[in-house]
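Chemist: Let me give you the structure first, and then I'll get to my questions.
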């Protein structure tokens with residue numbers, strides 16, 4: 001399943017994995033998963049977190065390792081309901097729900113994920129996605145960036 005992913009996608013997932021894996025032990029626990037999800041404005045119960053881990057935990061050790069995450073991501077990317085997931089992701093970034101992701105909103109979410117970005121890095125991320133040049137990212141631009149991955 002994971003062999004359908006590009007090297008670039010795998011590198012991005014590795015980066016995301018290390019954001020979740022707070023103690024760097026190579027495994028994501030329910031506690032680490034919960035921390036990241038709460039920083040993204042979600043509020044999963046302990047049971048929901050356990051279900052998410054169990055869904056991917058191939059070796060049954062109660063945590064997610066990187067190969068298990070890759071399999072989950074490959075499966076999710078094949079799912080056709082990605083439109084709804086994209087809308088949900090956009091809503092997480094668009095804090096004031098005005099239909100646009102500003103540099104401040106992007107910085108806020110990335111900081112919550114543990115990514116300390118300089119103003120230049122945030123501006124660069126906006127510039128890369130900002131097709132119409134208005135200095136922020138609308139939903140169409142967001143989808144384009146996410147689908148290009």
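Just so it is clear, glycine is given a Cβ too, placed from its N, Cα and C backbone atoms.
Here's the feature list from Swiss-Prot:
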MOD_RES   2  N-acetylalanine
DOMAIN    8-43  domain 'EF-hand 1'
BINDING   21, 23, 25, 27, 32  Ca(2+) 1 binding site
DOMAIN    44-79  domain 'EF-hand 2'
BINDING   57, 59, 61, 63, 68  Ca(2+) 2 binding site
DOMAIN    81-116  domain 'EF-hand 3'
BINDING   94, 96, 98, 105  Ca(2+) 3 binding site
MOD_RES   116  N6,N6,N6-trimethyllysine
DOMAIN    117-149  domain 'EF-hand 4'
BINDING   130, 132, 134, 136, 141  Ca(2+) 4 binding site
Chemist: Ranking the binding-site residues 32, 132 by other Cβ atoms within 10 Å, which is at the bottom?
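Modeler: Looking at the binding-site residues 32, 132, the Cβ with the fewest others within 10 Å is that of 132.
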Chemist: Using a 10 Å cut-off on Cβ-Cβ distances across all protein chains shown, tell me which of the binding-site residues (21, 57) has the largest neighbour count.
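Modeler: Answer by Cβ density within 10 Å: 21.
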Chemist: Closest of the binding-site residues to residue 59 (Ca(2+) 2 binding site), Cα to Cα, picking from 21, 94, 130?
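Modeler: For residue 59 (Ca(2+) 2 binding site), the spatially nearest of the binding-site residues is 21.
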Chemist: Which residue, out of the binding-site residues 59, 68, 94, 105, 141, shows the minimum number of other Cβ atoms inside 10 Å of its Cβ in this structure?
Modeler: 59
Chemist: Please tell me which one of the binding-site residues listed here (23, 57, 61) sits closest to residue 136 (Ca(2+) 4 binding site), measuring Cα to Cα?
Modeler: 23
Chemist: Limited to the domain 'EF-hand 2' (44-79), I'd like the whole-number average of pLDDT.
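Modeler: When the pLDDT values over the domain 'EF-hand 2' (44-79) are averaged, the result is 85.
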Chemist: Sorted by position, what residues of the same chain at least six away from residue 27 (Ca(2+) 1 binding site) have a C-beta under 8 A from it?
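Modeler: Looking at Cβ-Cβ distances below 8 Å from residue 27 (Ca(2+) 1 binding site), excluding near sequence neighbours, one finds 21, 61, 63, 64, 65.
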Chemist: Quick check: with 130, 132, 134, 136, 141 left out, which same-chain residues have Cβ atoms within 8 Å of the centroid of the Ca(2+) 4 site Cβ atoms?
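Modeler: Filtered neighbour residues, in order: 100, 126, 129, 131, 133, 135, 137, 138.
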